[in-house]
Amino acid sequence: MNERKFLLAAKGQGVFPPPVWMMRQAGRYLPEYRETRKKAGSFLDLCYNPDFAVEVTLQPIRRFQFDASILFSDILVIPHALGRDLRFEEGRGPILTPIEVEDIQALKTDEIHGKLAPVYETVRRLRKELPEETALIGFCGAPWTVATYMIAGHGTPDQAPSRVFGYRNPEAMDDLLHKLAVSSAEYLIRQIEEGADAVQIFDSWSGVLDEHSFARWCVKPVAEIVKRVKARFPDVPVIGFPRNAGLLYESYRKATGVDVLGLDWTVPMKQAIELQAQGPIQGNLDPMRLLAGGRALEDGVKTILDSLGNGPLIFNLGHGITPQTPIEHVQQMLKLIRER
Ligand code: CP3
């Protein structure tokens, strides 16, 4: 088999037109997703039911023939597998019982796989059912981002509760992040064993930290994950996505060992070009350009292709597609990329 186009780019080759996929490509903007979601029951039932999880993963591939497919699951299955309770409420997102310092030592990193078995089965089935040319991406949340939900018990705009927790309890925070790193590495390794071609580490909340905390809470645990995954699978590309990391993007690839840098849409083109000179990048169309469509979408796609299109690039959004986005705009985006 020829190497999958997505993997060529992830390993550093310039491919034109670039491979493309979208974060949150399986989701509420698709009527067929909403349909399956209704059948499945709760959001977690959907994540843990391989029949339904395979189905929603394949939906955007059938419709748009993206170059990569991403396992349907959630970053919060790791705290769930570690024994924390978790539910998703309509309109509110994830709700957990906030973790206390005393709870951290009770987290058992070697007992996660029972709960996660259905996810591994989903990966195994997906690799069989996906078209040959479509890469399969596994994923996990970065320890810091996962910890923010465990500590606050829900999403917050600036992760103030977790920053305060970490400053008041630095050793406990290090322990928590280390346990999450160990579990997440195991989780990714199992996904690769079942057929994932690449893995992405989502650090959605790395952009709220000062330089010192970024090094200790974002970079260090992600480096631990990468070290463990690379020890088993040195050739499987790892994508790091430290969203909103700003100038801290510069040191991130080297410090963590990730192969591909995922860029959010606030990264200036000049910086994106510099980062691409050091290795493959992924991104970074503003999801609101996709939602708005028309000229805003055309200009956004053109700017990225003109500046980054010849280097190693995986075309993506700078964050997930939102539920209100019209499907025709996705088709338009793909046309702009593929028919240039
Ligand atoms: O298509 C894909 O990208 C794969 C599936 C995927 C989901 N979540 C499905 C999902 C992936 C990769 C994630 C990652 C994730 N989950 C992140 C990191 C990326 C990011 O968006 O920043 C985070 C922070 C989470 C935690 C999470 N899950 C939140 C905060 C929410 C609620 C917000 C929302 O959009 O509703 C979720 C729920 C969730 N995860 C949905 C989906 C499709 C929507 C739930 C539904 O269908 O009701």
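Easy rule for this one: first residue shown is 1, then count along the chain.
Each Cβ is built from the backbone N, Cα and C atoms, and glycine gets one as well.
Keep in mind that this is a model prediction, so the values were computed, not measured.
Here's what TrEMBL has on this protein:
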type	residues	note
DOMAIN	19-28	domain 'Uroporphyrinogen decarboxylase (URO-D)'
BINDING	Arg24, Gln25, Ala26, Gly27, Arg28, Asp74, Tyr149, Ser204, His319	substrate binding site
SITE	Asp74	site 'Transition state stabilizer'
DOMAIN	137-153	domain 'Uroporphyrinogen decarboxylase (URO-D)'
Restricting to the record's substrate-binding residues (Arg24, Gln25, Ala26, Gly27, Arg28, Asp74, Tyr149, Ser204, His319), give me the longest CA-CA distance in Å as a whole number. 22
Taking the Cα atoms as reference points, how far is Arg24 (substrate binding site) from Asp74 (site 'Transition state stabilizer') in Å? 10
Give me the CA-CA distance between Tyr149 (substrate binding site) and Asp74 (site 'Transition state stabilizer'), in Å, as a whole number. 12
For His319 (substrate binding site), the three-state class that DSSP assigns: coil
Given the binding-site residues Arg24, Arg28, His319, which one's Cβ is surrounded by the fewest other Cβ atoms within 10 Å? Arg28
Which recorded positions from the set Arg24, Ala26, Asp74, Tyr149 come near ligand 1, judged by a Cβ under 6 Å from any of its atoms? Arg24, Ala26, Asp74
Work through the binding-site residues one by one (Ala26, Arg28, His319) and name whichever has its CA nearest to the CA of Asp74 (site 'Transition state stabilizer'). Ala26
Helix-strand-coil residue split for the domain 'Uroporphyrinogen decarboxylase (URO-D)' (19-28), DSSP-based: 0 helix, 1 strand, 9 coil
